[in-house]
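The structure under discussion appears below in the form of structure tokens.
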Amino acid sequence: MKNVQINIGAVVKEEDEWDQEMGPFPKPGVATLRDWDFKICNRYKIMYSPADDTCTLCTYGPCDLTGNKKGACGIDMAAACGKIVLVAVLMGTCAHTAHGRHLYHWCLDKFGDMPFDMGSEILVDAPLYRTILGKKPKSLKDFGEALEYCEEEIVQLLAACHTGQEGHYMDFESKSLHSGMIDSLGKEICDMLQTVAYDMPRGAADAPLVEIGMGTLDQNKGVLIAYGHNLAAGAEAMIYTEEHNLWDKVDIGGVCCTAIDLTRITETGRESKIPANLGPKAKVAGAMGWWRKMVRAGIMDTVIVDEQCVFCDVLEDCQQRHIPVIASNDKIMLGLPDRTNDSADAIVEDLVSFKMPGVAILDPVKAGEVAIRTAVAVKPKREQYKKESLFTEQQFKDTLATCTECNQCAFVCPPHIRISEMISEALKGNLEPFSSTYEVCVGCQRCEQTCPQEIPILKLYEYANREYIRNQKFKMRAGRGPVLDTEIRKVGAPLVLGQIPGVIALVGCSNYPNGTKECYDIAKEFVDRGYIVVATGCMAMDMSLYKDEDGKTIWEQYEGAFDGRNICNIGSCVANAHIHGAAIKVATIFAHRNERANYDDIADYIMSKVGACGVAWGAYSQKAASIATGVNRIGIPVVVQPSSVIYRRTFMGRTDKPEDWMVIDAKNGNMQQIEPAPEAMLYIAETKEEAMLEMAKLCFRPSDNTQGRGIKLTHYCDISMKYFGKLPDDWHLFVRDVKDLPLNYQTQMMKELEEKHGWKIDWKAKKFISGPLRPADVSFDPTNIPRKIRAKK
């Protein structure tokens, strides 16, 4: 043969190692799963809440998009909102994927390639990787291919946002859902890399209890705070402290998700290049919402920041209090000089002498060393500055007296704290309002910026709560990591059939509408009702700050298995991927669905059969948007707090449109109208009580058997009676058989069904003659995907 070129690519041996055939969608592109996305968007109507009526993204603008007007490029209001939603979701996706890319390079540089081993009780070891890529990772290097895939998709998605590209709102939403899926894979890559490299727990229900709270940090030692989401530099600080035997001189605490991940290091006892059982020596200072309160309290001597969710004025805040700052990641450099190539001695000297307020050090090893040495050396030098930065009693009273009660602060406060009234009470000697609203304050400092008297309100809070700060000492279970296959085998059937009423996932940030106590209240409500409750990130931290009458935090009250009446701390934000993973495992382990490159099939199973609901009750960031959107694509609904209207979009079902609730019965291909289950994909609740009621409802699934539906309906009605004093208005939509009815309300409900809704009932036999949308049928196999039909009539 002449002029023939033969190219041989990678030799694939996957078929010999996997008992599943390759599914239809390995590495899905932007449009590959568009049909599935449209199924979601057609059932759950997109509702937009634009922040304004104009578009200013190109120089033809500003363009007025009110009514039926279009922009100069031809875009309408719906598409303009869809574009902004996509950009926001992409920001979150990029943050997690870039985090994964940094960890990938760092872990390979520090540890070399390592076998990917999640332990003997986890065989479905990277569910999202397998479901999306259609491959199994064998070593850390294999995650490079997944990162390349994520990065390619991100580029294509962002390109669609350019003026003159995508112009239809439904396709923008499909692209947002695709970005959300990429985000979920990016998170899984992050947590799998650090779990293996840093020997973190692999599904440990009995992960150790670690210390949380500002009061846990020993003020007799130098205190280093590691702030952000990437553990690399903070871990090096811990390793340096351990290797130089400095724990008697320094305390290390974390803020935000770095805090959770530092407490997970080397907890399994496996052979590691890192000192054993290092994690519990770190402490969790608190979630992101406590950051400015911590600074005002002066609890730290040095701060090392990495990436994500770091307040942009961190340097200014610390500089005012002579707290050196070290930027350890190129995503946050704060205008600081790059001292990566300078000697550690020279950098420490400049920081301890306050010649520089901070430095950037992009080598995690050097950053960790400098951070520890600086914290120890600067501690005695900061004592006088710390005293000067804190109010005395007289300064507190004098500052209170300057308030004119103009109430401008209350108008800008996100949780609407009546600050002027609080100050007025304090002038009378009553500090209780300062105490009771301390955990409600989100630490945004808008009040300070708007105050015409320039009152430092957060400093007032610090003085009024100084005893609480000293005694803020609680216990939190360290992040356990993924859900075990053995746990899924135990809960799969009762979860799908409804005997376990659902999985409740508390995730996200610290921008709560009414304080951190709501995290605890929501978690306790559902764990007491027998739900499987999982938590990650800031919500996991914030629910730790409360004790019962026996002095136990929620983590001490309940066990940490993935089971009913248990509560699991899965880990940091990136560990949210394991919640996706648990749902995928129900499909593949319990139902024997092939997950390999079979995303829409798995998502269809989850949406139709796995009772689960997420709540991001403090959502503030673009990462929260990408997390929720990724969860939505895999078929799990999410409830968010009222300020989430700023995200601009919800997915709401219309119960008055029967055509939206038609599904296929896979056993015979017949179309069947179902109850609105789940009723929404993204729901904005106004209050904690409304959120809990909606969460219970969003755990309904068409596959519930009569016992399971009865259990779910009981909790739905109980929550409504407990918080609203009446049965929910729509309970009858979820009744298929008399056996579905809660025993406590059965007679009352049957009368209402007959008298109010016109159902015909055989009272003697206790049967419905007519009325329900469909009968309870244990053989009913709902699906939205035609290829799942087993036999057509």
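Cβ coordinates come from backbone N, Cα and C, glycine included.
Listed by Swiss-Prot as binding [Ni-4Fe-4S] cluster are His229, Cys257, Cys309, Cys509, Cys573; the candidate from Cys318, Cys519, Cys538 that the record includes in that site is Cys538. For the [4Fe-4S] cluster 3 site that Swiss-Prot gives as Cys403, Cys406, Cys409, the extra residue drawn from Cys441, Cys444, Cys451 is Cys451.
Broken down with DSSP, the domain '4Fe-4S ferredoxin-type 2' (432-461) shows 15 helix, 0 strand, 15 coil. Helix, strand and coil counts from DSSP across the domain '4Fe-4S ferredoxin-type 1' (393-422) read 18 helix, 0 strand, 12 coil. Distant neighbours of the domain '4Fe-4S ferredoxin-type 2' (432-461): 289-293, 296, 390-391, 396, 399-400, 402-404, 406, 408-409, 411-415, 417, 419, 421-423, 425-426, 468, 510-512, 514-517, 545; these residues of the same chain sit at least 6 beyond its ends, with a Cβ under 8 Å from one of its Cβ atoms.
Ranking the binding-site residues His96, Cys444, Cys447, Cys573 by Cα distance from Cys406 ([4Fe-4S] cluster 3 binding site) puts Cys447 first. In this structure, His96 (CO binding site) is part of a helix by DSSP. Taking the Cα atom of each, Cys441 ([4Fe-4S] cluster 4 binding site) and Cys509 ([Ni-4Fe-4S] cluster binding site) are about 14 angstrom apart. Within 8 A of the CB centroid of the [4Fe-4S] cluster 4 site residues Cys413, Cys441, Cys444, Cys447, the other residues of that chain are Cys409, Val412, Pro414, Pro415, Ile417, Ile419, Val442, Gly443, Gln445, Arg446, Ile457. For the binding-site residues shown (Cys73, Cys447, Cys451, Cys573), fewest C-beta neighbours within 10 angstroms: Cys73.
Looking only at Cα atoms, Cys403 ([4Fe-4S] cluster 3 binding site) sits nearest to Cys447 among the binding-site residues His229, Cys257, Cys413, Cys447, Cys509.
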